[in-house]
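Inspection log for the structure reproduced underneath, given as structure tokens.
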Amino acid sequence: MQRMTRQRASIADLLAATEDFRSAQQLHEVLRARGETTGLATVYRTLQTMADAGQVDVLRTAEGENLFRRCERTEHHHHLVCRSCGATIEIDGPTVEAWASLVGATHGFIDIEHTIELFGTCADCAARR
């Protein structure tokens with residue numbers, strides 16, 4: 001169990017107040033704007049620690065950047081993310097779960113894990129087009 005430092009508490013508080021996925025750099029900029037002296041490397045380390053503990057969800061963008069958001073659910077789930085505004089909905093995917101297990105079993109694999117994120121345009125952003 002990691003000790004709760006002032007920096008970790010600041011990052012956790014910021015994530016708790018943020019609904020959408022944010023990059024480590026974006027979170028670091030907000031902390032700096034608030035007068036925090038937390039370094040970018042500390043932000044990255046803290047986010048990785050929180051991800052390993054299941055406290056944050058990690059989303060990898062098409063550009064390869066990791067985005068983070070406080071995890072609302074402890075059970076396995078997926079995300080539906082708006083490409084325009086970043087609005088995110090946590091979703092269950094029983095069909096995906098069954099498909100992943102079937103594909104793994106067909107090829108002799110066990111202990112199957114997967115990460116699936118769905119991207120699209122939310123109704124609000126589509127209406128503004």
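Placed from the backbone N, Cα and C atoms, the Cβ positions cover glycine too.
Taken verbatim from TrEMBL:
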type: BINDING; residues: HIS76, GLU97, HIS114; note: Fe cation binding site
type: BINDING; residues: CYS82, CYS85, CYS122, CYS125; note: Zn(2+) binding site
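With respect to their backbone Cα atoms, CYS85 (Zn(2+) binding site) and GLU97 (Fe cation binding site) stand 28 Å from each other. There are 14 other Cβ atoms within 10 Å of the Cβ belonging to HIS114 (Fe cation binding site). The two recorded residues, HIS76 (Fe cation binding site) and CYS122 (Zn(2+) binding site), show a Cα separation of 23 Å. Same-chain residues with CB within 8 A of the center of the CYS82, CYS85, CYS122, CYS125 CB atoms, the Zn(2+) site residues themselves not counted, are ARG83, SER84, GLY86, ALA87, THR121, ALA123, ASP124, ALA126. Taking CA atoms as the reference points, CYS122 (Zn(2+) binding site) and HIS114 (Fe cation binding site) are 24 Å apart. Secondary structure at CYS82 (Zn(2+) binding site), as computed by DSSP, is strand. Taking the mean position of the Cβ atoms of HIS76, GLU97, HIS114 as the Fe cation site, the remaining same-chain residues with a Cβ inside 8 Å of that point are HIS78, GLY93, VAL96, ALA100, ILE112, GLU113, ILE116.
Between the CA atoms of CYS125 (Zn(2+) binding site) and GLU97 (Fe cation binding site) there is a gap of 29 Å. Taking the Cβ of GLU97 (Fe cation binding site) as reference, residues of its chain lying under 8 Å away and at least six apart in sequence are, in sequence order, HIS76. CYS125 (Zn(2+) binding site) is surrounded by 15 other CB atoms, counting those within 10 A of its CB over all protein chains shown.
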